[in-house]
Amino acid sequence: MKQSKLQQFFKKPGPPDETDKRQENPNKPTEELHEVTEVQTGINPDSRANLGSDKNSKNCDQDMISLGEESGSSTESSESEESDSDDECVDERMNVKAKPKKKKTHYKHKFNSDWLSDKDLQKWIRKDEKDSTRFMCLVCNKSYIGGKTHALRHSKNKFHVKNFEAKQHTTDLANLCSSNVEFKKSVMLQKSVDNAELKLSGFIAEHNLPFRVMEHLPGLLKNVFPDSVIAGKITCGRDKTRNIIVKKLAPDADQALSEKLQKCKFSMLLDESTDKSVVKSMAVVARFWCPQLKRVCDRLLGLVEVPSATAQIMKGEVDKLLSIRNIPKENCIGFGWDNVSVNMGKVTGLKALVKIDNPYVIVVGCVCHSLALCASNASKEIPLEFDEFVRDVYNYIQHSPKRIAAYAEFQGITDTKNHRLLKVCDVRWLSLESVVMQILEQWRALKVYFYEEFKAIKSASAEKVLKMMENVYTKLYLQFLGFILPQVNKLNIFIPLVVADMVFLVGNIPLHITMMTLGKVGLLVMPKATKLDVMGLWYCNIQNPMRRYDDTHDMVAVAKRPNNELVAVSQRGKQIQIAGPPRTSSLLAPIMLLSGHGGDIFCGKFHPDGTMFASAGFDRQILLWNVYGECENYAVLQGHTGAILDLQFNTDGSLMATASTDKIVSLWDPFTGSRLKKLKGHTSFVNSCHMSRRGVQFICSGADDCTVRVWDARRKGECHNFNANYPVTAVTFNDSSECVISGGVDNDVKVWDLRKKAVLYKLSGHGDTVTGLSLSPDGNLLLSNSMDGTLRIWDVRPYCPGDRCLKIFSGNQHNFEKNLLRCSWSPKGNRIAAGSADRLVYVWDVYSRKVAYRLPGHNGSVNDVQFHPSEPIISSVSSDKNIYFGEVEP
């Protein structure tokens, strides 16, 4: 059916049969009709609202009708009926009134105070005070309209992000002022903390306290002063204290002394140490007039190492010391030293060499040394028996805890004060006074004790002492010494006091006159020291601990310290001179000598906790020593009837095993001193023993009966018995305690498997008897010592590629004595050590294979060397009946 143009106009853009659809669905809203007519007729959408009025609607209808008439006039007449019916439909449709569309109303968001707590907005968003519907951006410094969604979208804008990052690095004036105040407070607090740490470090150095004290002192201060902010922030430990003293306080004091001596005249006091070490040390003390203090001051200028105490070497070292400090030699106008020929020789002595450089220099011998020589020569008139008597009394009682306890009972019976007997030091004229006074005080108790001792056990030593006490001249000589020695010691102290008083009285006299006056009276020097306890350029004032090193008086006397250690003290014996390189351990002195054994010492071991040392040897006794303090011998264990050749502690230190020539391996409790078990089974001398590191507590032993035996501490009898075919001289366990390693006169090291009960493998390479075996701390390496003069390191891991012999060391010696020289590892595994028949202790660096130390001191073969488990201390025992503890570098 044909359509009119008007119908075609309305129907062309739309889908087919749109009119039919509207007729089928008459309830459809008329708004769609208006929308269609707007698009199809090209009516401006802005004038859509005007179509809603009646007048405009009629005009629109008329225009539509007129348009239809114009188009309808061109149609054919044959279609008139259909067009009429169509026109009626169009008229009917156009006469429908269109409903007006509502105008959109925009909702205006107001600022919500909850946005200030949003973590994404709170840092930059604020309310706009002028308009509540807008928000303010503090970063961009602009106002924006919108809700939270708009604000979040703005926060991701690249300009906002850039401005926000820039503002993070900018501080406003108010915050800057407050931060500056807080910063100044924190700086002042830190300065106070640093000052407190300096004072604590100075106190440690001034009073010669161990650095280990600082591991506990800061915590104690925090508990004692919980309200102190400074005490709560002190973090000065052991290492920091040492660094403060060595790197800060000592260099500052040293620099200040050099600057003073560069500008003033001074004299120097020289003396060499007599300690047993690789090289000797010469102390150089400067004495000068201090205008600020208005008195003469003594300062340690240096502690110089001299390989040999000859005049040429000492002169060269002094000149070198002055040149290093940029001190003119012309400023030195006087020298003081002791009266030995090396110093006072007129031709080749140090005095003659000094006079060559400066003919007008004043050289004065030590008055105290002269007095000591007088006292020593006078003491030679006393028979030697009386000197031996004094030493025998001390040695007989004080070396045995059992005798000390017995003697205390006699002191109570005779109403004698329970005082400990004193030992005579090497410098008799200083220590003999107190020793003699002590013997005279306890004369009655001593005589009764030695009488009962001789009557009970018929001891030759007790008989010797008793005969001397029954001699009437013995007590007479002691009474004479008790009268004269105090006078000598008073004179020794009086002369330096006169010197100090004269200097104080003539303080305003020119310096060269003062030095001439001192020269007439005598310049004093630092006394000889057997063991110089060194820690820094500090002086210790006993009465006033807070006084610094620049407040000391003149050094004039000698102080007796434990273990025959002598150090220089100042006026009236109130101050102790401490100088030298920094200490590395908590020993009382850098080198400690322990004596008390009655025969050769074959073995010595540190307890795993490091506080105890056990030694044993030919005298069939086990001596227990304290490692720290005065290193006293506090216990003697007896039980073996033959020489003790080896000694070992277990891992936790609760057991101690010993091997002896009496064919017995013994187990001991090191704390109670009781023997817990005898392990019998060997038929000849037991040369070595060792205890397992972990697992069941096994003990292995090797003997001259060519067997290696394994024992269980929990049951009786042996667990395993291996036949080595040759005498076994050294044994040890591997790290897992599944294998026993042995060495003997066949020159081979054998590894025995406890499960297979056979030799797992052999380590061949030594050319003579293996005397010592030691397993490394990590358990992977084995160290062996042999009479061929070498030490070897073997790889004893279960699966080892290639040759198991990794390194060979040489240097130590074996001689005709054929002693079983042991070896050991350091706790870190970077060093090894071994004894030697040439009376030296050898220490090697594992990585470079070079000898790190050759330590002298012993007068016999060094049989055993051990490292301390936690500190840089090394011990050595020897056939000379002595034990040494010595510090090494960490």
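Glycine residues also receive a Cβ, built from the backbone N, Cα and C atoms like all the rest.
All annotation found in TrEMBL is predicted automatically rather than curated by experts.
For 14-37, the entry in TrEMBL reads compositional bias 'Basic and acidic residues'.
Sequence annotations record features per position, and here TrEMBL assigns compositional bias 'Acidic residues' to 78-90.
Residues or ranges marked as compositional bias 'Basic residues' in TrEMBL: 96-108.
The annotation region 'Disordered' is assigned in TrEMBL to 1-108.
Remote same-chain partners of the repeat 'WD' (594-627), defined as residues 6 or more beyond its termini with a Cβ less than 8 Å from a stretch Cβ, comprise 399, 587, 633-638, 640-649, 651-653, 656, 658, 660, 668, 670, 673, 819-820, 822, 860, 863-864, 866-871, 873, 875-879, 881-885. What TrEMBL records for 594-627 (among others) is repeat 'WD'.
Here TrEMBL flags 637-678 (among others) as repeat 'WD'. Shown for the repeat 'WD' (637-678): DSSP residue counts in helix, strand and coil, namely 0 helix, 22 strand, 20 coil.
Helix, strand and coil content of the repeat 'WD' (679-712), in residues and according to DSSP, is 0 helix, 20 strand, 14 coil. The repeat 'WD' annotation in TrEMBL covers 679-712 (among others).
Feature annotation from TrEMBL assigns repeat 'WD' to 728-762 (among others). Residues belonging to the repeat 'WD' (728-762) score a mean pLDDT of 91 in the model.
Tertiary neighbourhood of the repeat 'WD' (763-797): same-chain residues 688, 693, 729-736, 741-745, 747-751, 804-810, 812-814, 818-825, 827-829, 832, 834, 844, 846, selected by CB-CB distance under 8 Å and a gap of 6+ residues from either end. Summarising the annotation, TrEMBL assigns repeat 'WD' to 763-797 (among others).
Here TrEMBL flags 824-854 (among others) as repeat 'WD'. Nonlocal intrachain contacts for the repeat 'WD' (824-854), taken as residues 6+ away from its ends with a CB within less than 8 angstroms of a stretch CB, comprise 278, 772, 774-778, 781, 783, 785, 791, 793, 807-809, 811-815, 817, 860-870, 874, 876, 878, 880, 884, 888.
Note on the repeat 'WD' (855-890): residues 276-278, 583-587, 590-595, 597-606, 608-610, 613, 615, 617, 625, 627, 631, 815, 817, 819-827, 831, 833-837, 839-843 of its chain, located 6 or more positions outside it, place their CB under 8 angstroms from a CB of the stretch. If you look up TrEMBL, you'll see 855-890 (among others) marked as repeat 'WD'.
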(message) Checking distant contacts: for the repeat 'WD' (637-678), what same-chain residues at least six beyond its ends satisfy Cβ-Cβ under 8 A?
(response) 599, 602-605, 607-609, 612, 614-618, 620-624, 684-694, 697, 699, 701, 703, 711, 713, 820, 822
(request) Sort out the residues at least 6 away from either end of the repeat 'WD' (679-712), same chain, that have Cβ-Cβ distances under 8 Å to it, and list them. (result) 642, 645-646, 648-651, 655, 657-661, 663-667, 718-733, 735-737, 740, 742, 744, 752, 754, 773, 775, 779, 820
(request) Write out how many residues of the repeat 'WD' (594-627) are helix, how many strand and how many coil, based on DSSP. (result) 0 helix, 20 strand, 14 coil
(message) Counting by DSSP secondary structure, give me helix, strand and coil numbers for the repeat 'WD' (855-890).
(response) 0 helix, 19 strand, 17 coil
